[in-house]
Structures are given as C-alpha cells and as structure tokens.
Amino acid sequence: MTTFRMSLLTLNLNKIDIIQVGPVEYECLKLLPLGAKDVHQSIIVGDKNGQITCITVKKKVTNVLWKHMTPDQTSVSAVAISIPVPGASPKVFVGTEQNILGMSKSDGKIFKTVETNITESLSGLCVAKDSMYLAGEYCHNVFVDDVDTFFYMADDRISSITLMQPQNLSKYQNVLLGCQDNLIRVVNEQSLLYECPLEGPVTALCPYTRTSTAVHKASNDLDVEKPVVYGTSGGVLGLVMMGDLTYRKGWTIEGSGGINSVAVYDIRRDGLPAIIVGRDNGLLEVYGFDSEEMLSIVPPNLIFQYKLNEAITTVAAGRLTAPNFDEVVISTFSGKVIAFTTEPFTAQTLQVVNAPAKKEEKTRPPSARKEVVPPPVEQKQEPTIQPTMKSVIVPAVTKQLEDLAKEVIKLQAQTLQLTDEYEKMERRVLATKPDIQIKSSLSLLPDEPRHHFVVSSSAPLDFISLQTDCYAEIESLSSNDVIMSVNPPTNTTGLPQNLSVTFKCNSTGVQSSTTRIEAKLHFMEGKGGMMTAFVVPLTEQHTSMTLTHHIHPLCLHRRKGFSSSNAQSDKPETDPFAQTETPNENEMRITGTFTAMDAHSWIHSCFDSIPPRIQGEVHHLEFVSAFLGTRFTVDYRKQEMIIRSNNLSTIAIFKDHLSSQTLISNIRTKISMNIKNETMKDVLVGVYPEFNKIASFLQQYEFLDCLKEIEEAEGDTSFFSDEQRMLLQSQNTTPQRINALRNKLEYQKMVLEKLYVDMCSINGNKNESKLNIVRQLLQRPFKLDEGISVFLQ
C-alpha cells in the first residue's frame, strides 16, 4: 500500500454558504450542465423531508428556481442527471424509497413516474440514455424503457454505484457496485464479470475521466483499462484500472475519516482533473496530479483541505456563483449547501458574500430561544459601505437586501409575540415527535482493536447518554466539542463490567451548533451485548431518541476473506471438508440437521460485518483478530461446518454461542474437537510485547515517589539507570493515563487467563493449583519462554 502525506497546499478556495435545506443523504446533490444560453450552473438537491430544490446563484444572491415535494413526502435517496441525446435539455431523475421520478429542468414538473415494485429502498441511481441502473441494499436492477429488464443480487450490501462504458460497445453499460465485503463487483446486464478486492468496504466510486491517449492496453485482447477512483469506510482513497475482464490496482492514500463521496473535476484548468473527496468526519480534500506520466502509480498531492464540524454527504464541482471561476460544491448531513470558489476575494468582498450566512449563524432556532436573553433593541444605524464593496453591490441588489431586512424585522417581531403567548399558556405534558434526522454507526477501526462510534444529527445536540450491558472502555476524540462524564460500575476485580457515559454539549456560544459526536470504544470478546444511545437534541421540548447497536461475541475479528462463490480469492486450494491434519490450528467439526442458511445465521450473529443472507451451497470465510492477529476460518455447507483457529479461546467462544443458538432453534448438532495445545504460543506471542511493556512501566511507576525524593535530596541523577531516568521523565503522565494502562493490563490478564481456562475445560483436566500458578505469572513481567512453559505444563 502506498501511503502519502502532503502538507503543502497550493489551491486557494473561498467558502460561500449557499442555502440550508433538510437533511441530505449521500449523492443527493447534482450540478446541472450548462445550457446554450446559461452562464451559471444550477443545483438539484433532494433531502430526507421529501423536498427537491433547484437553486441558482446570480450576483452572489441565492435564487430558488423551483421546489417540489415527493408523493407522500417520502425521503429522497438518490438524484441523477441524464442527457438523452447530445444538445438536448438535461433531465432530472429522483429516487425515493421504491419509485423514480422524472422531472424537467426548467420548472420541476414530473413527466414520468416509475414504480419499481422492488422490496428494498433505493440507495443509488444512474441514468444513461433509455436505461436506469438502480442499487438497493443487495439488489441491482436495470430498467430499460421503464421496464425491469435485468436483475443481479450481490453477496453483501451495496454502498455505491457508477457506470463504465464497455470496450465492446455493448448496448448496456458496465455497472460498478461498491460493496461492504471489500469488493467492487463489475456487472453487465445480469452477469457478474469479475470482482476486484480492495482495502475495505467501498463507499464511493467515480470514473477518472480525462482527455488523454495514455491508456493501457492488455496484451492478449482489446480490453482497455479505465481509471476509477474509489474511497473506503476506513478512509483509504485509491485508484484502480478497470477493464471489461481485468483490473490492475494503482496508488492508495490513507486518511482519517470514512469517505462518503468522490468527484473528479479539472479545477486548476491544467488538463489533469483533480480528485475531490468528502469524508464522514467533515474533512473536504482536493488532490491534484503534477504530471500525466504514471498516473495510476504515482499518487496525487493534497492541494486543498478544509474541516467542517459535520459529515459531508456529497461533493460536486462546476461553476455556480461566478461564470468564470470554478467551484467545489458540497452538501452536509444537516442540509447545508456550501461552495468553495476559486474567485479571489478581498476581506470586504468576502463579508458581503457571506453576510446572509453569517447572520443566519447568529440567529438561534425558535425552539432554543427560551435559554437566550434577547439583547436590548438598539437604534438602527445605516451601515458604512467601503469602496471595494460598492463595486459588488449594485442598486437592484441593495433594494433586495433592504426588503429582506424589513421582512426579517417583521418576522422577528412576530416570533417574539408568539413566544410570549406560548410562555403564558398552561404547561402540560405533551407527546411529541421531533422532525429531526439522526443516524449512528459503530464499526471496527481498520488499524486498531477498537470500534469507532459516530452520531450525526440534522439539528444541534444537547446531550447523549450511552450505556452498554457488557465490558467497554471509551475514549472521547479531540474533534468533539463536548464534556464527557463516565460512571462505570465495577466488579470485585476493579475492571469495568459495563459502561455509562454522558456527552454534554455546551448550549451557549458557538458550541451550540454541535451536530456530530464521535468516540472510540474497546469491547472484550466472549460475551455479546447491547449498546444503547439516548440522543437528546437541543429543542424547546426535550425528546430522547434511542439508537441501539449489537455487540457480537467475536466483535474484534476483522473479515479477511470473501464469501462470494465467484471470487477466486476465497476458494481453498484443497477440499476444506476433507479429514486432513492442519498444522498449528485447532479444529472443531460440527454436523447435524441444519442448513447452510442456519450455519450462516450463527456466523452472522457472532461476527461484525456479515450479511444476513447468502447465495450458493458451499461457503468459506476468513477472519483475523484485530487484537492478537490470530486466524479464524470457517467452511460450511448443508449439515456440515468446520472451524479452524490458532486461538483456542475463539473456538471456545464460538462453541458457547453455537450451543445457545441451537438450543433456541431446537437443532441437533454433534461437535468433535481436535485441540493442539502448542497453538497457545501464537496467542502469547501476540500479547507478550505489550503486556511486558505496560507491566514493567507500572511496576517501576510504584517507585516514582522514591526516585523524586532522592532527586530532590541529591540534586544529581547521573547514578540512576537509564530506565530510572526515563521513569522520572514520565512523571507528568496524567492519572487518567495511568488508570487506562492499568485497565488495559487487567484486560490482557483476563485474555491470557481465559485462554488457559478454555484449554483446561476443553481437555477436561481443570486444575485449580495450576491456574493459580498462571495467575502468579501474570502479576509481573515475564519472559516469553517462561510463559510458554507455564501454559504448556
């Protein structure tokens, strides 16, 4: 993997707030292409409230050309633009839950309604000529002349969709489906052409289109590879060369925050389109190439970066506010539409452009006005216009601004009057449902054994209360503008058994606009559970919205292999069901009166990121522990299932989970075990380095006070050892950090102790005296050979 970091930013963009609409989902904002007489592009944006809005910006004033509501006010999940023939007026297509609406560009009238009759909600839509390419949760449909013609079902959830023209000039486009099982699936009509494995779940796709002859031709056929830019939920941005039958991986760039949207646009006008990236943590990035040579190998440079305080859902580029300057246009989850323009602004001019947005930021919503004391009414003063501003504000715009100011004053007076009337009303308990959209995610981080928890809201948050019924540790990230309070109940060992934490957002000043909170959570494998978040938005009538996430028994295992029966990477070289001896792996063989779907449901309820449905008869899955690096593989089919792992504890956890599931479903199973005690060495090797490092530090930390007294008395530390001098340098370590290290050490002790108990339990030779010897070993730093001999005694 090629990792690239660049701190030199060479592109200057100025921020302009365009408009505020309802909550916007992924890829629900599009820029209409310029017409023959147009000098400004228009925006089409659809929100979760069911409203489609067409916007244009002229002379720095936002104009709403038209807006329409979807039938039954169903939320907008996809927006696509299509030009039937060259030179024709573009058509707007909007995807709702199960329907597609065709709308005209000029006035937004609906000229077509296609009822798809599919069972899943639409998540992606592409239109080319007379064909519409749809993506649901698992299903991909192609509608030709409004008729459902082709159908394909993916093995895992579809996160993104884009089109690629095939080299054989087929009537139908090749469809690229980015899926949650780390694959790009290339489909034509209803046939899977091939699968391209990548670094993580594919959440964004965009063809890298450019005018160039530097394309690669395969040696054996006429297949031409086309560059496609992709983004993953783990924050990896990359490029892959894709043809009709082959693919070739290019450069990759690691970053922070999952990628929600990717666009390609020549914003520097140098013939090499830049790559625009919108991330889940609010980071907007623009990458540019220095040369066309080795485009697929040499990664681009980071030329612009801007951080917002909420998730970016869509990025696009064009010419919106000025006819001669290119811009990046984005939408956020809360519904903000923002442009970043290349037009150079002076400080005074920038104030004129951003004046409406700045005023809007200072105005609190009526629901939260109770907590704010209104300022005294001041005498109206005429603003002083600088000379540089006179060139921007024309008389017509000045009159519009004056009319708007009068209307705002009138509305403010009406609002204060209604507020006074509301205060005088009788206070009663009312059942209300806030019109606020909230979403959350809990996913295993790609580079550490912790989960990333994110809550995003379309309205400012007041506080969030988080509770778990299983072991968990939490770490608030620096990006949060909140106060975190943790109250973990403890058991007799002092290790937290469950977690109770509250995030409080400050409701005064700029912090009142907090709409996104994220944290890192560390769970312990073995016992599943539930995590519940009670989210309270900052509204007049406080209403709690509940979000739940399941904690699976083997939640720290990351999926490595792919269950698709068509993928070459998941087919074992030998028959996995054959009675063969597997070196350095424990084996558990399960037989009984169960189906392949039953076996898959057991795996789905035990691991993260496993789809609930499968296709085919024989399946193979691979997992790697994010904590220890140990392996876990499972092969299953009807009436047979084989588990292999070099960590005995994971097999014991799965065995307990299997017993509870089969008891519920009343399925008879027979289990046979082939245990190799020497596999415990792999677990010890994984835990030993960090365990000894933390144990040695905490052991020496107990003598820190003594060393500090000697240093003060002698005034010289030259006779101290290197370790003692390093310990003195670490005296500024916070008590919170020390407690975190102690909890981490206790967690590792529990992992190693459970490993020994599982080995004794499976072998049927549980011995309390030997267990005490293991516990004594774990009370101090130990050598690896000593630990192996004690565990294998």
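Glycine too: its Cβ is placed from the backbone N, Cα and C atoms.
Copied over from TrEMBL:
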- 394-428: coiled coil (COILED)
- 357-372: compositional bias 'Basic and acidic residues' (COMPBIAS)
- 29-342: domain 'BBS7 beta-propeller' (DOMAIN)
- 434-542: domain 'BBS7 GAE' (DOMAIN)
- 584-674: domain 'BBS7 platform' (DOMAIN)
- 678-780: domain 'BBS7 helical hairpin' (DOMAIN)
- 355-384: region 'Disordered' (REGION)
- 562-586: region 'Disordered' (REGION)
>> Let's see if you can do this one: DSSP helix, strand and coil counts over the domain 'BBS7 helical hairpin' (678-780), in that order.
In response: 85 helix, 0 strand, 18 coil
> Taking every residue in the domain 'BBS7 beta-propeller' (29-342), what is their average pLDDT?
Replying inline: 88
>> Just to be sure I understand, if DSSP states are collapsed into helix, strand and coil, how many residues of the domain 'BBS7 platform' (584-674) fall in each?
In response: 27 helix, 33 strand, 31 coil
>> Could you give me three numbers for the domain 'BBS7 GAE' (434-542), the DSSP helix, strand and coil residue counts?
In response: 5 helix, 58 strand, 46 coil
